[in-house]
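S.K.: The structure follows.
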């Protein structure tokens with residue numbers, strides 16, 4: 001049974017790895033018969049170089065300001081006016097050529113592109129995504145190039161003719177996330193070897209993990225969150241081994257694993273609080289010696305995988321301050337309201353409802369009634385859930401807590417099942433099991449269908465592109481297009497906007513500026529924004545691009561997957 005579950009999950013994840021990646025079909029829709037001129041190709045190349053120059057200048061300015069005690073935000077995207085300029089449209093074309101449909105998935109590749117390994121420059125110039133993850137992705141890319149699996153484009157213009165190479169680049173970065181996701185599932189099963197966790201509890205913990213929509217979604221993108229979660233859970237497993245055997249090697253291994261997590265994702269370094277909580281006995285040399293060993297091991301792993309922590313400590317400090325302060329991203333600002341929201345998002349929507357709630361209850365039961373390692377683990381879980389949840393507040397950044405929650409859910413389910421069996425008929429216990437598992441299985445099925453058939457938008461998008469071409473032929477000019485902010489692959493399917501007037505309807509509220517078509521994306525400005533727009537009543541729905549009825553099913557109890565979809569609205573003709 002356990003092998004079958006893992007086989008199904010592995011097959012779905014492998015089959016879904018290409019979701020949202022550049023392809024010839026996407027490029028054909030983006031350009032739709034348009035040939036980029038030599039001037040446009042040159043401009044796209046210059047945009048790449050100018051982007052990195054702007055990033056370097058912003059970093060230098062931020063460093064100078066920090067020396068004077070002033071914290072300035074990091075580099076931000078350019079603002080868009082009421083109508084996109086030619087340069088802004090070329091910048092958007094560049095994003096579609098080089099980016100996937102996942103939010104921020106290009107960040108690791110931007111960091112790698114800023115390095116120059118041939119001259120010994122391995123500085124990512126930013127540490128939110130750490131070297132333990134970035135260097136692994138870089139090494140994977142190098143290995144794939146060496147064996148001929150990859151010929152990474154040197155600039156965006158090469159991606160016009162070779163989008164499959166860009167897709168392979170992203171696959172190399174997604175592979176560690178996928179393997180880490182499966183690694184966590186195997187480690188959960190391995191807990192059955194410990195007396196605190198039965199085989200049934202370990203199996204259910206694994207099922208909770210593989211049907212949880214938050215880690216499932218992050219397992220298919222080039223981000224370090226699931227990768228860091230694996231290392232945190234590996235550190236937990238090794239620390240439990242030390243608790244059972246008092247073997248120093250287990251303790252050192254736990255520190256190294258936690259260092260790999262902290263060296264991958266800065267937020268996951270908070271999980272190091274587990275060490276003093278678990279190792280604490282009473283004040284004395286033994287406690288400090290063990291704590292010193294494990295923290296030294298953790299520090300070694302962080303420094304080895306992030307050498308620029310020592311080479312550029314001021315940049316590391318600036319990254320921490322920019323990400324953590326109220327003047328930056330605010331990941332370190334205490335906000336009780338944020339903590340309550342995070343608690344609900346993580347326990348109700350992130351992890352296989354209602355088993356995520358059962359995991360929270362199980363951890364509280366361990367904290368109050370439990371003993372030994374699991375009681376201390378539950379204390380660390382709640383300290384981190386409330387602490388990180390009230391500061392960082394991003395559930396995807398807190399996936400390192402997910403395996404702990406799933407473990408408590410598995411153990412809690414066994415306790416609950418035994419309690420029900422003792423006081424009711426076995427049929428009631430089986431019915432309860434079905435009620436607990438059914439929502440997660442349904443959510444996994446929706447995730448699998450959406451990610452395996454992500455390009456449901458392709459056929460209607462082609463029909464719309466053909467209509468745009470017909471409009472230009474009949475009227476002698478391209479149709480004006482309305483969007484919200486800018487064309488963005490994480491928000492819109494590709495569409496032929498390069499030669500068309502593109503109005504930004506966030507800024508442009510002129511009632512006389514009526515584009516022939518309006519494209520509503522699925523992420524930043526959705527239907528709610530369009531419905532409140534003063535132009536909405538003058539448009540009728542023309543095309544649904546990948547929209548499915550299941551998109552809105554039970555969104556209060558699951559994480560909505562990142563998927564390409566949108567709606568196209570056509571201007572209603574004015575009666576003659």
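Note: Cβ is positioned from N, Cα and C throughout, glycine not excepted.
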S.K.: Out of 83-104, 105-126, 171-192, 193-214, which range is noted as transmembrane segment by TrEMBL?
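M.R.: My reading of TrEMBL: the transmembrane segment range is 171-192.
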S.K.: Write down the single range among 38-61, 398-421, 470-493 that appears in TrEMBL as transmembrane segment.
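M.R.: Transmembrane segment, as annotated by TrEMBL, spans 398-421.
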S.K.: Please work out whether the transmembrane segment (291-311) lies in contact with the transmembrane segment (373-391), by counting C-beta pairs under 8 angstroms that are 6 or more apart in sequence and asking whether there are at least 3.
M.R.: no
S.K.: Within the same chain, where does the transmembrane segment (427-448) have neighbours whose Cβ lies under 8 angstroms from its own Cβ atoms, ignoring anything closer than 6 residues to its ends? I mean 6 or more beyond.
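M.R.: Same-chain contacts beyond the ends: 9, 12, 16, 207-208, 210-213, 216-217, 352-355, 358, 413, 416-417, 420-421, 550, 553-554, 557-558, 561.
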S.K.: Looking only at residues six or more beyond either end of the transmembrane segment (132-150), which have a C-beta under 8 A from one in the stretch?
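M.R.: Contacts with the transmembrane segment (132-150): 108, 111-112, 115, 117, 122, 124, 165, 168-169, 172-173, 175-176, 222, 224, 227-228, 231, 259-261, 263-265, 301-302, 305-306.
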